[in-house]
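Beneath this line is the structure, given in structure tokens, with notes to follow.
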């Protein structure tokens with residue numbers, strides 16, 4: 001009797017994807033996860049993607065409202081596009097987690113179509129993130145190394161808009177190609193090759209552009225401190241702000257490189273035609289938990305390039321304050337304190353107020369007439385003052 005694992009492996013043009021490992025689930029007890037474990041993994045995956053969607057939506061809302069008027073610059077365009085790319089990956093991850101939690105047979109047609117579409121959308125989100133990070137790295141390079149040229153480029157907004165739209169154009173063109181490739185026998189092979197190429201390009205940019213940018217930053221800071229310019233402090237602060245953004249882009253780049261390493265390893269296995277390498281215990285064990293690592297990456301992305309910076313947190317607090325949420329909470333607490341104080345005063349003064357009710361009712365009438373007369377007098381005085389002011393204005397004009 002033939003081994004079903006070897007038959008399935010030999011009869012398939014193997015490529016790297018989460019679905020391909022399903023043929024090995026019944027091969028050995030080491031790789032067979034119970035339904036309970038898979039359910040727990042899907043629940044955690046769903047929760048991480050849900051938190052990521054909330055964080056990214058809040059970030060988009062803050063950038064759109066901009067209560068402190070600090071996000072009307074070219075950097076915000078890149079942050080917005082990175083957030084949208086993460087939202088694509090989040091939508092794909094939530095869809096995959098919902099399909100895994102669905103008790104229906106995963107071999108049905110509509111579920112397979114949804115899985116293919118979710119994988120394609122996830123690939124597009126990753127592709128946009130990679131391209132946007134590379135463009136963002138070049139933006140930080142020009143901002144620090146060629147500061148004067150960068151100011152002229154930023155003034156031409158169509159250049160910045162074009163740089164941010166190009167990755168999305170590439171993604172829109174890639175979507176039908178990737179979906180068609182997912183219907184063939186070479187499932188996910190195009191995604192693996194594309195991400196492997198992106199891994200090489202992003203690694204090259206990270207290892208060359210960022211170190212040179214940091215070296216130029218240190219040299220500029222040293223020159224400014226030795227100079228006698230009147231605007232030395234302002235220029236130094238601007239350079240430090242640009243360096244903080246460059247460091248943020250570097251951290252995001254490293255996270256993406258670590259995330260794409262499994263795809264690059266699978267690409268190397270395919271190029272070397274090492275079919276047995278995919279049966280490696282360490283490789284398969286890592287890939288079983290890879291979707292959870294992907295959800296964690298999407299969750300921490302917005303924290304790395306936005307929420308860890310004080311400006312974004314202050315903008316979020318200011319946005320809640322301008323919308324009246326903070327004021328309403330403060331007024332609610334003041335109202336509760338007033339109610340408690342009024343209750344205490346009523347309890348203390350019940351006896352004294354009961355003895356003065358008759359006298360107070362008699363005085364109310366007289367007070368009412370006095371208040372009316374005083375109101376009439378004040379109205380007449382204001383009319384007289386307004387007339388005298390109007391007459392004085394006429395005499396001045398004449």
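In case you wondered, yes, glycine gets a Cβ from its N, Cα and C as well.
Keep in mind it's a predicted model, so treat the numbers as computed, not measured.
According to TrEMBL, the compositional bias 'Basic and acidic residues' annotation covers 354-369.
What TrEMBL lists as region 'Disordered' is 352-376.
Remote same-chain residues near the transmembrane segment (46-64) are listed as 71, 76, 79-80, 83-84, 86-87, 90-91, 93-94, 97-98, 101, 292, 295-296, 298-299, 301-303, 306-307, 312, 315-316, 319 (criterion: CB distance under 8 Å, separation of at least six residues from the stretch ends). Residues annotated as transmembrane segment in TrEMBL: 46-64 (among others).
Summarising the annotation, TrEMBL assigns transmembrane segment to 76-95 (among others). Within the chain carrying the transmembrane segment (76-95), a Cβ under 8 angstroms from the stretch's Cβ atoms is held by residues 45-46, 48-50, 52-53, 56-57, 59-60, 63, 114, 117-119, 121-122, 124-126, 128-129, 132-133, 135-136, 139, 160-161, 164, 167-168, 252, 291, 294-295, 298, 301-302, 305-306, all 6 or more beyond its ends.
Per TrEMBL, transmembrane segment is recorded for 115-138 (among others).
The annotation transmembrane segment is assigned in TrEMBL to 158-179 (among others).
Taken from TrEMBL, the feature transmembrane segment applies to 199-218 (among others). Beyond the transmembrane segment (199-218), the same-chain residues lying 6 or more positions past its ends with a Cβ under 8 Å from any Cβ of the stretch are 130, 133-134, 137-138, 140-141, 144-145, 239, 242-243, 246, 249-250, 253-254, 256-257, 260-261, 263-264.
The transmembrane segment annotation in TrEMBL covers 239-266 (among others).
Remote same-chain residues near the transmembrane segment (286-307) are listed as 18, 21, 31, 33, 41, 44-45, 48-49, 51-52, 55-56, 59, 79, 82-83, 86, 89-90, 93, 96, 129, 248-249, 251-252, 255-256, 259, 262, 313 (criterion: CB distance under 8 Å, separation of at least six residues from the stretch ends). According to TrEMBL, the feature transmembrane segment maps to 286-307 (among others).
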Contact set, same chain, for the transmembrane segment (239-266): CB under 8 Å, 6 or more residues outside the stretch: 15-16, 75, 82, 126, 129-130, 133, 136-137, 140-141, 143-144, 191-192, 195-196, 198-200, 202-203, 205-206, 210, 213-214, 217, 220-221, 224, 278, 283, 286-287, 290, 293-294, 297, 300-301, 304-305, 309
